[in-house]
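Here's the structure we're looking at; comments come further down.
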């Protein structure tokens, strides 16, 4: 980390510039001066080598090299700096995986079986055109008793059959091996009966079709290979080491005269070509003992087709052997043999795996050792991996031979790193869930990267599963991320999580610089287990990292050297919720109800167990903050809602408030044990930040839930996060402290003794949500809030809670250009509607950044980037306007970010895959930068497209002018709808049937009658015919009046009024 972290250019970093001879010259200069140089002498020495730095660059370089914080540079310090720089430039040094290879839980697919499973295989789907689909097919399990079961892809039963000897119907079989033949729709079984039984599996039928009998010895291992443009081959090995290959030609038909549908063919007939559909190639006795495994391999070198076979030494044979015999052989398929390689292993080989890309051959046997072979030098294994305590029965390779998985007889799996030749993981859960004393079989599914292990039950577990990049970008940690910090000295990001990992990131190129695993540990029930990291901070020079854990332990880390310098304990099993490094003091607090002070360095610590400050909280301390102005002040808040201001210089409290009633001041207790001055504890149980069930936050449909005023007053509130504004002076008329309540409100305080509560505003727009973390920039212009539902909001606070004479005019058009959220919407979203009635602050941005709780926010002023961490195990990068850059630790890389400027306008921004489908239109608008490419409108003339800005502009001017809708040249004629299909409702009023209430003494009839307006009749001098038409209209009006009904049932008030 040392070299890449300096502010100098890459060509001026020491480890990249100096040569080996120049390092020797530096060593001679240090040796001549007692192995140490002053900082000025070191600068002159580097200048002689051609390395020149400015004052700021050299000051940063000295802080990185000089870990002793003195005026001298030791040779050991410079050498450590160079070594760390070389390690950081190694591309393989930071590829350490956070998750172990087998990290998930075991998934039980089959419960306890009647017959123990000895073989698991997968039969893919083969279509009529010869194409193969590995995503469709059947799982097949076999028992020693010959019970064969077919299962669907999700392990639902499909077919159950039994294999019995073809000639001895009443005798029991003992199955040795099975193999499916997918292209022939057949299944091959071999047992102790010295015969090959081939069953036809079509349409849920399991029928015996072919029996190859009279084999010299029982077949113990089989392998099958098929393809569209090649014949199907079955490779077999027997108890004496003979290897034979059967080639199937289904296009060759044979007519049989017998009545039986089963064809019986002897091995000699197949060898002599008497049965045309099957040919046999006999390779002879290539191995001395029982063949345990055979496998076809791809072309190696100039040889097109090969196979590998291995044999285990028979312990029952007591014959003396003068010279070692081969236990594994690589042989060509063609005869005479073009290539034959023999490997001699003591006690034989039971299993092997081969990787054609790098020609890596791995073997395991009863001697419990894994051997890695170079096939071009078979005399001696290149590497021997020792670690198993029983015979190895199964192994496979992953990621082009980078990892080896091996399973032994005790059902313990070990994962090995081939490159570094070290053990990565020992997984022993199979030994606890499977019955003891019964061998287990295994099958590795390359497509799903899953391992199937079966005995009396069947379990499936994932082995380094691949990330589905269409649904997620991956993860940064293996458990929720709790702390996110930015180191200005090294210009790196540091994240800590509940997995007890400390990871240093180069966020510009998405690279892990340092990984510290098991940073905090404890021994429980005799087992060393990691402890969750809950708080962290840097020292003033940002050279040291202080972390606090859930068990109450504190550790000081050297970021440059990646070592733990000191370990402190505030209290046993006491979660640390806040740590601060002030000058030479360390302040820690948590669930111990008080602040504990330590000396930063052990030689200066007069109180090894810490100096406890006066107790002012009646419950656990949830959050704390330290002001950046003078005089130094620290604010702490407990679960009961007690907010206490402390003077850092003296450690004395000077103000105490209640978050539920912010305008009332609580008395300060100056004696221990004054329970009458303490606030009563909350009755609701306390939970950690990430322990809220997801179902409790999922079903949120309302904008806001309003509680009754009485319950609102009785409810005790606690502050979830505190934030000081460092640029604001300590004055009574200025809001300098923000605190987020658990009901979604944000309170504003002044930490001046004459200040107090200044106001509050609503910071959420979803019911039940709350603000978990707060952050701001150096100039205190913006306030960033992160909520429990994953939303990130940006507020403009520069002009809020300050005196009127200091307020100024805000350039809102410039902010609208910077934040796409401020663009007009046809229908305002919930975020805008919730903040519409608030006078201050101004909501600039709101979008969903995570699917889970946001636990930390950090803003980088130089580059304008906002980093967020969440309980969904991710750390994400955003621009100030809300554009998504990437996820730290993701396999999806992004363009390298500039060092000191924001990303350019033409930067390739993306949308998180997990947020593409289920987000609001407001979040989607922010993620797209105000451009909606999926919703485009055709223009009238040119046939072009109109963007969202054009649509919004048209919607804004809709009140001024509404254009006429163009039709086919003439207005539509009545009726517009086809009345024969859809009958229009009657235009007369629909009157309900009224049921009179007989409890009243009188009925208010006329009060509830609907009266139609009566139009006066006009008397004119018309003809008799015209007068007759008027009288007809009058009669129709009278008929409608007679059909009148009551409108509504009478009420009590109406009845009293009538009386």
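The backbone N, Cα and C atoms fix where each Cβ goes, and this holds for glycine too.
Annotated features in Swiss-Prot:
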REPEAT    121-161  repeat 'WD 1'
REPEAT    170-209  repeat 'WD 2'
REPEAT    214-256  repeat 'WD 3'
REPEAT    344-383  repeat 'WD 4'
REPEAT    387-426  repeat 'WD 5'
REPEAT    476-515  repeat 'WD 6'
REPEAT    528-567  repeat 'WD 7'
REPEAT    616-658  repeat 'WD 8'
REPEAT    714-759  repeat 'WD 9'
REPEAT    766-805  repeat 'WD 10'
REPEAT    849-888  repeat 'WD 11'
Note to self: I'd like the per-state residue tally for the repeat 'WD 10' (766-805) from DSSP, helix first, then strand, then coil.
What the structure shows: 2 helix, 18 strand, 20 coil
Note to self: What residues elsewhere in the chain lie close to the repeat 'WD 5' (387-426), defined as a C-beta under 8 angstroms and at least 6 residues from its ends?
What the structure shows: 92, 100-102, 350-355, 357-358, 360, 362, 364-370, 372, 434, 439-442, 444, 449, 451, 453, 455, 463-464
Note to self: Using a Cβ cut-off under 8 Å, which residues of the same chain at least 6 positions beyond either end of the repeat 'WD 4' (344-383) come close to it?
What the structure shows: 289, 292-293, 295, 297-300, 308, 310-313, 324-328, 330, 389-397, 400-401, 404, 406, 408, 416, 418, 421
Checklist line | Spatial neighbours of the repeat 'WD 8' (616-658) far in sequence, C-beta under 8 Å, 6+ residues away | finding: 575, 577-578, 580, 582, 587, 589-595, 597, 664-669, 678-682, 686, 716-724, 726-730, 736-737, 739, 749, 751, 753, 756-757
